[in-house]
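Data first, discussion second: the structure below is written as structure tokens.
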Amino acid sequence: PTLMLVPTAWLTPSKCLWPTTLAHSMVIALLSLSWLKNTMETGWSTLNPFMATDPLSTPLLVLTCWLLPLMILASQNHTATEPISRQRMYISLLTSLQIFLILAFGATEVIMFYVMFEATLIPTLIIITRWGNQTERLNAGIYFLFYTLAGSLPLLVALLLLQDHTGTLSLFTLPFSHPLHLSSNADKLWWAGCLLAFLVKMPLYGVHLWLPKAHVEAPVAGSMVL
């Protein structure tokens, strides 16, 4: 249903654009509540061979689905004076953000999670730089891009090392593989690499300098996503 939001945004007549996309996204948000009843204390609820939900990811998936109608509501007045093509592109970017976040939180392969986790950078960067309110929005976008990319590259290296050591990156089989004991300095560097990307995104003091700029320069929907 989320993928269908893109043609909805481009094929809907201009007068009905915002009410139609809001109604469509609200239906998706209501349907997402059905995931809550399937959560189990242990184990996964499999949706397809590449995606599944568990008690940790389900609330994040539901929150992601409810975020889109709230962003559409918050952005309607902000973009009302712009050409209709820019409004359609704006809604398409918000929709792509929801798609990437759903794929990230529902992924059962860690490398798929990494790719989708980083793919959210692209629409967020475009939203900040094209629809930001202040003159420094391009600078804020560059800060946001390079801080998060630099922080995530050690995570990619760490995941490749984990694949080499265990032979799998599937969240179904990783718990049953040979554990890493973190006995050497190299193992501790590997662990730090796993954490760094998330510490930048959280953000931890010292690696948070992108956040004040991005929040100030981004439109309301961009701040909601961040």
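Cβ atoms here come from the backbone N, Cα and C positions, even for glycine.
A TrEMBL annotation is a machine prediction, not a hand-curated record.
The average pLDDT computed over the domain 'NADH:ubiquinone oxidoreductase chain 4 N-terminal' (1-104) stands at 88. As annotated by TrEMBL, domain 'NADH:ubiquinone oxidoreductase chain 4 N-terminal' applies to 1-104.
Taken from TrEMBL, the feature domain 'NADH:quinone oxidoreductase/Mrp antiporter transmembrane' covers 107-226.
Taken from TrEMBL, the feature transmembrane segment covers 56-75 (among others). Sequence-distant contacts of the transmembrane segment (56-75) (same chain, at least 6 residues past either end, Cβ-Cβ under 8 Å): 2, 5, 18, 21-22, 25-26, 28-29, 31-33, 35-36, 38-39, 45, 90-91, 94-95, 97-98, 101-102, 105-106, 219-221, 224-225.
Per TrEMBL, the feature transmembrane segment maps to 87-105 (among others).
Feature annotation from TrEMBL assigns transmembrane segment to 111-128 (among others). Within its own chain, the transmembrane segment (111-128) has Cβ neighbours under 8 Å at 50, 90, 93-94, 96-97, 100-101, 103-104, 137, 140-141, 144-145, 148-149, 152, 155-156, 159, 163, 169, 197, 214, 217-219, 221-222, 225-226, counting only residues six or more beyond its boundaries.
As annotated by TrEMBL, transmembrane segment applies to 140-162 (among others).
Residues annotated as transmembrane segment in TrEMBL: 189-211 (among others).
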On the DSSP side of things, how many residues of the domain 'NADH:quinone oxidoreductase/Mrp antiporter transmembrane' (107-226) fall into helix, strand and coil, could you say?
85 helix, 3 strand, 32 coil
Which sequence positions outside the transmembrane segment (189-211), separated from its termini by at least 6 residues, show Cβ-Cβ distances below 8 Å to it?
117, 140, 143-144, 147-148, 150-152, 154-155, 157-159, 161-162, 180, 182, 226
